[in-house]
Amino acid sequence: MSLESEDGTTGNIRKPLLERSTSRLVDLRGKLFSLSFATTLGIQLFLVKVAEESVTVYTIMLLRSLSFLFVIPFIQWTKCERYKTKDMCLYFLYGILNYGCRIVAYVALTFAQVGNVSAITSNMAIPSAILALLLLGEPITTFHVINFVINAVGIILVSKPPFIFQYINSSEDTTDDFYGAILAVVVVITRSLASVVSRKLSYESKSDPVLFAVFTGICGVIITSFILIFTELTMPRSFLDQLTVLGVCVCALLGNIFLALALQYETVVVVSVLMSPSLIVAYLLQIVLLGVHPGVPEIFGLLLILGSNFAYLWQPKED
């Protein structure tokens, strides 16, 4: 009798994500870890927005990357002998992509409000499906195409491109929001590419969540240190600034751990969908603590983005 579980696992060996027949929620732990990641992501982006008033993006990224190195003792050292040169290259690639997506997100926050950036950066389900088709051969159905169109409309309403909204809103903030949205789209693409790299390693049973975080930290320290040669390092001075940056580091580290744990129980698409609540957290913090309220187009766009993402949880089961 087979011991295969509902999430496509047999015993202690998990099948590659491509072999799973559905993207429905199948494990409460995966759901909880995904929602925990979404919560920490929303808080992290809000704290970065606050910290950027007194600390540069590169200082935040350096401290954030250093915090990731604290998990080195928790690496699964017994599995290290299985890694080949190709696997280490993939880990480095993941670290670069993961670092890149986050620093671009932090830069995007200097242009746009935290809620708008979060609405786009947490929207990974559709880009992940497209990249999976191009790089891993996973199929895209009519369901995906319809969701892609709905999602695109939602992003347009949230990003408010000047060439569309110039007659509706003449504020100069519209252009800044659009620049922030463009950077946020870059974040989505790089983060989705990092997920594909992670999936590639998971197919070969060479995926270590802690090692992903460590390589992200190593790549972050190297790249940020190089950038700081040409720019200024501004350490947080006041206690409040120090506490805010510490909160960013803690949320970033916890978020990476929660994300890795979530991917042990759910497919990448499902975890990507459950990232969407991070935009709710970000918008609530923005409204309550910063007093910045979204407009009608943004609210409608948020509903479209949330609807198109959560629709993946109930998509038709493929044969």
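Heads up, the Cβ atoms here are built off N, Cα and C, so glycines get one too.
Here is what TrEMBL says about this protein:
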type: DOMAIN; residues: 30-159; note: domain 'EamA'
type: TRANSMEM; residues: 57-77; note: transmembrane segment
type: TRANSMEM; residues: 89-111; note: transmembrane segment
type: TRANSMEM; residues: 117-136; note: transmembrane segment
type: TRANSMEM; residues: 148-168; note: transmembrane segment
type: DOMAIN; residues: 179-308; note: domain 'EamA'
type: TRANSMEM; residues: 180-198; note: transmembrane segment
type: TRANSMEM; residues: 210-231; note: transmembrane segment
type: TRANSMEM; residues: 243-261; note: transmembrane segment
type: TRANSMEM; residues: 268-289; note: transmembrane segment
type: TRANSMEM; residues: 295-314; note: transmembrane segment
Same-chain residue ranges lying at least 6 outside the transmembrane segment (243-261) that approach it to Cβ under 8 Å: 29, 33-34, 36-37, 40-41, 43-44, 47-48, 50-51, 55, 59-60, 63-64, 67-68, 70-71, 102, 209-210, 212-213, 216, 236, 271
Average pLDDT across the domain 'EamA' (179-308), rounded to a whole number: 83
